[in-house]
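Colleague: Please see the structure below; I have some questions.
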Amino acid sequence: GPWGRCTGDCGPGGVQTRALWCFHFEGWTSHLSSCDENHRPPKERSCFRVCDWHSDLFQWEVSDWHHCVLAPPVLGQAKPRTSECVTAQHGLQHRTVRCVQKLNRTMVASEICEHFAPQPPTEQACLIPCPRDCVVSEFSQWSKCSKGCGKRLQHRTRVAIAPPLYGGSHCPNLTETRTCVAPISCPLGEEEYTFSLKVGPWSKCRLPQLKDMDLAGRTVVDFSSDSKEQVTLRYPGYKPHHHAKPWDIEIGYQTRQVWCTRSDGKNAMISLCMKDSFPLTVQSCIMPKDCETTEWSSWGPCSKTCRSGSLSPGFRSRSRNVKHIAIGGGRECPELLEKQACIVEGASLQPCPRYSWRTSEWKECQVSLLLEQQDPHWPVTGPVCGGGIQTRAVYCAQSTPASTAQRAKEVFRPVDKSLCVGPAPAASQLCSVPCSTDCVVSSWSAWGLCVHENCHDLQGRKGFRMRQRHVLMESTGPAGHCTHLVESVPCEDPMCYRWLVSEGICIPDHGKCGPGHRILKAVCQNDRGEDVSGSLCPASVPPERTACEIPCRMDCVVSEWTEWSSCSQSCSNKNSDGKQTRSRTILALAGEGGKPCPPSQALQEYRSCNDHSCMQLYWETSPWGPCAEDTLGTALNATIGWNGEAACGVGIQTRKVFCVKSHVGQVMTKRCPDSTRPETVRPCLLPCKKDCTVTAFSEWTPCPRLCQPVKTCIKQNKTNIIISHCRHGGEGCPTGKCFEPSDYQDVSLCPGNNWSPQKKSNLWHECFLIPKEIEKKRRGFSAPCDNEIQVKSISCISDDNQSAEMTECLKQANGMPPLVQECTVPCRDDCTFTAWSKFTPCSTNCGTTRSRRRQLTGTGKSRKKEKCQDADMYPLVETELCPCDVFISQPYGNWSDCILPESRMEPQRGLWVQGDSKQCGQGVRFRAIACSDKNGRPVDPSRCSNSGYIQEECAIPCPFDCKLSDWSSWGSCSSSCGIGVRIRSKWLKEKPYNGGRPCPKLDLKNQVHEAVPCYSECNQYSWVVEHWSPCRIHNELRPLRCGGGMQSRKIRCVNTASREGGAVNNSFCNQDEMPPETQPCSLLCPSECVMSEWGTWSKCPQSCDPHTMQRRTRHLLRPSLSSRTCAEDSQVRPCLLNENCFQFQYNLTEWSTCQLSENATCGQGVRTRLLSCVRSDGKPVSMDQCEQRNLAKPQRMSIHCLVECVVNCQLSEWTAWTECSQTCGHGGRMSRTRFIMLPTQGEGRPCPPELTQQKACPVTPCYSWVLSNWSACKLEGGDCGEGVQVRGLSCVVHNGSVASSAVRVDDAQCKEVPWQDGSLQQLCSVPCPGDCHLTGWSEWSTCELTCIDGRSFETMGRQSRSRTFIIQSFENQDSCPQQVLETRPCTGGKCYHYTWKASLWNNNERTVWCQRSDGVNVTGGCSPQARPAAIRQCSPACRKPFSYCTQGGVCGCEKGYTEIMRSNGFLDYCMKVPGSEDRKAHVKNLAGKNRPVNSKIHDIFKGWSIQPLDPDGRVKIWVYGVSGGGFLIMIFLVFTSYLVCKKPKPHQSTPPQQKPLTFAYDGDLDM
């Protein structure tokens, strides 16, 4: 059966099982024993079980898509021809997809990755352009034929310009070779061939074998031996040593062959090539040794030692050390560190620590920080409120499980901030300290009646009169206070209940006049004006009637008493008492015998009022105390408003209560009414105790390293952070320091490791010479002199001369010192010299030289004597310039930004302010200098200046903020009655500049205003009128003194709010409501009818319905003597809106601007609106009018608001300067940045645009190694064959710019050589005469893009170069190498197009070539199908007499003959044109004379003859055009004739004029 799922342990230890059964070949199942046991398949197998955590361990690795290649043709279809391709062809792209282990990228089974994600696709369709053939240039000129005799060759070459792409054809041969035109045969006795000494390549380095050495140490070498026995050449002598110590170097030898070759490639006798010097065939060499390493160490512990939320595995590593480094070209060292994934199973693992940003609680809001920011010289005076800044500590913490914490309060442990990822929370924020405002109260009501202190318990004769006011706006903030709302004064004879009597009209007892009575109606009322039972009133019930008198016809008539006037004073003082008056007037005089009028004194009555003292009593309270535990259980059943803070039980608050007498102070409490005494205890919610919360201590800060390069003392410390302080009686913070330094620890110096030669007395060993026997065997002679090699042994030792691991030296030192160097052993016939002397001393002047000398000691053979004395070849004196210590400095680059000196942040009033560094003032700017010596070579800038800069002072202008004046005082309310506006203003004192805080929006007068609504009580100032004077008759000469007259009264404006109610200027009262001072009046004569004054109009309904009538009445006081009827006694009028009927409504102002406390500049404020009562005609009236009608009042008259704080931009400190952008030379820059910690808010000072500062780095000289060009191929004595090319390595100094020239300096200035020996030396070959060899590389072609229709197909272009072969002898052409094409990508390419070009025809032939769009002639690139013909041929051929092939490719006739064509368009014959034989000509010369001199001109004019048929017999297109045109002309002529000849219709009436039909096109395509 199929394999089941992999089960068992995760990873390779899983097991797969499958079912297994035995079945008969006919299909039925049998017992297992029936089947052969030997062929039984396995029932289970091991497998890799994939677990969830493997998703972090394995992944699909997908390579980039490979180049698009042509798709193979579908089975059964032929491969498409290139000619069929138009723009592009179908292709396929492939990529490799494999399942890999993430850590070491090793490949594993695909099923593992398929467990988590499906396998990505490995191929996709693509389009590639049509095939492009290889494009090559034109051939060069033929090379010159070499001098000499025999068969000589010359060649020419061309280069590849563009490679073949997308299946195009390969490049053609780039070389053409031909034999010289005139070969010179060699005379007798001269060779046709030349001979050259050819050297072969050096063999591998090998050691001499045992049988090559005799017992005395001499060598007998058998080069053909394959013996594995070898001997190590060591010093001194060559004793066998089979176990070399580390870094011992073995020296062997290598050989090469030398032979003589002929120019046709065949070998010749060596004697034909012998010269004076014979090339070396054997030389010493370093035996190659591969890098040797120790065995792998055991695997280290798994890096994942804790349990985390993610299932990602950890890794473990192992390492190995270097025993031998690679020498002599041996294999380099492999990887020294290996890692692999691991996971530790088991529940015993501790959970991994988690790190996150944590913060302490916000500290108290400090308004002073904000005020100091706005004004650094802000004085600390008085309580402040409004907007401020609060800070908190931000730290990275490791979450500690509660079970392991030392105390529950230590919840987090501070760690290094780099362990937390993501942005850190803000460490400062804006805050607000609530401002306290007192409550706003209304004006006082009128004094009430004298009542008992407690009407339920009537005791004594002492009572109180009271007046109230109510709260218009509640107090805010913790210190907001509300003044007292009730005042009282003591009074005598208090009454809680009193009778209220109303009188009816006077009813005569007998007849119509005379004595009568009034009916009295009495109601018992309490002190609040409510009707109560009559039994509560203490006095007896008033009588039900009272006597009155109705005047008879001749009696004097007096009016009713007026209402009592308002009291003249609100209280009584020593000088005056309050008074009320009422009056009545004489309406009609008495007649004869009638009852006379009363005297004038009887017309007025006075009574005292408000006779209480002006010293009012009221209760005053202290602020509520803190919430304390209720030990007496006072507040158990109380309901408390909760403010959202955590509460722990119910407590009580207490306050003190005082009785205060105005203008006196505190008096005994019993003098104030106890009924109005405020509460002294109220329940409250007890806040929970909060203990101090601190973090756990951090770990000790680590020592920087186990060792320090210099002797230092390191101080360790650990810290903790207070998260929240104790409150409400909680446990305080621990007394231990928050910063605990440990004991000082002396840290040891770092041990150093250095390379050391094993023999300090003799660093380099003697020069190694190849054993004479080996040299004789190879060279045929012994030459114990030449350039050989010498070595030295080194080891790695520590500072205390102990042996150390080589890896330690490789880590610390700059590479390894050289182990091998060349040396020279002088030969017997060489020139020998003494060693060079020391250089002569230099003088102090610059420009002087110093020299050193040597002497010739031996000249070898006599024939070299002159050569040794040649001073050019062997100089005896060397001279060089003395070092010059004169240095020249030159400023480089621009000045840096102005950089201010570093400022130390100091704590301000116990709080650190972020970004409080200096932002303006005096600073320094820098400019780098380039320092060079007298010769212009760059040197370190410290030679010219200590800092490498020139400095100059600079200044950053300080910003000046916009300055406004203080607020003016509030103006008076614009309205004396109702709602108005109060205004205050500021004006501009100083404009901002240099980026200071901008001004708010100003008006044209450079002022800013603030307006708030205000309200004036409409009855605050009112007109007070006295009683009318008696009516003064106009004509007093009349005997009865009755009739019309005038009466007057006094009016005055009084302030009703003041206690005395004194008169004020009349302008305070409303002039429109000013009552009249005089009015007409009349005294009725005795005979006239007397009516009473009109009563008040009845009330209109609130709707002011005009269908409702208003009524007023009066009654008859005295009938007239005559029988005339009296005037009407009632009047009615409709209720008309805004005439005699008014509606009232509350009027709300708009919300005011946000008002702050006097001490606040921003933060939480209050917006208010005011309420007034407005009559329907728009007139403001007293609030009583609206309150009496029980209109719905708006709920909120004030709301909280926020005035945005003016916050200046807060910047962080500058970061440290970055590393220089360049390690040396010009153009390097350093920068530092700062960050915005708190952005600008409101009209605060904006952030400066410069958040980054830059300055140039000191211009240090650049030292670099420079490679010279490759030398010519050195064959060491041979003429051709294998040799070596070398290039030099020199240290140069330059300033890093492109234009600067590098100057060579001492090699010690440059660091470790970046190149291996292999990059300074390479194998090369020089072709022998007759060898077929490759040329050098051509120049890279111009960068060309692949384009379709002139548009680029790719972003990267291509460049090509090529090498071709040169044949020197046809006999060797079979051994020629292949030509080579190389392509590389490039940028900045162009699109080229290729077109065919052709010359003019010449004898029916022309040259055709392909040309690139930039004018370069090429081969390839043009379409072969579009190639124009190079040879012109007529088909069929022109065989008729006097005919020839024309430029159009058809047969034409010569001059003087005309063509006679067949119907199929071919020439039939040439007919002579009559008159063309003006001059007689010989028949033989006729054809020659008639042949045109210029066949081209003839061809041009031949094309003008009318030939309706093509050469292939088809009718030409113009014939159809002419036929169609003629047909149309005929139709036109027929139609014109018809119109001309047509008769007009008689009596045709003029049709009615119609409107023109116009179309409007709306853009619809259907139109």
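Quick reminder: no glycine exception, Cβ is built from N, Cα and C everywhere.
Automatic, uncurated: that is what TrEMBL annotation is.
Small disclaimer: the values here were computed from a predicted structure and weren't measured.
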Colleague: Of the residue ranges 224-247, 1232-1255, 1544-1567, which one carries the region 'Disordered' annotation in TrEMBL?
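Modeller: Feature region 'Disordered' in TrEMBL: residues 1544-1567.
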Colleague: Taking all residues of the domain 'Spondin-like TSP1' (1332-1391) together, what is their mean pLDDT?
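Modeller: When the pLDDT values over the domain 'Spondin-like TSP1' (1332-1391) are averaged, the result is 86.
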Colleague: Under 8 Å for C-beta pairs, could you tell me which stretch among 556-614, 962-1007, 1209-1262, 1332-1391, 1436-1475 has the largest tally with the domain 'Spondin-like TSP1' (134-183)?
Modeller: 1332-1391
Colleague: With DSSP helix as H/G/I and strand as E/B, how many residues of the domain 'Spondin-like TSP1' (1332-1391) fall in helix, strand and coil?
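Modeller: Across the domain 'Spondin-like TSP1' (1332-1391), DSSP assigns the residues as follows: 6 helix, 24 strand, 30 coil.
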Colleague: Using DSSP, what's the helix, strand and coil tally for the domain 'Spondin-like TSP1' (556-614)?
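Modeller: The counts are 4 helix, 19 strand, 36 coil.
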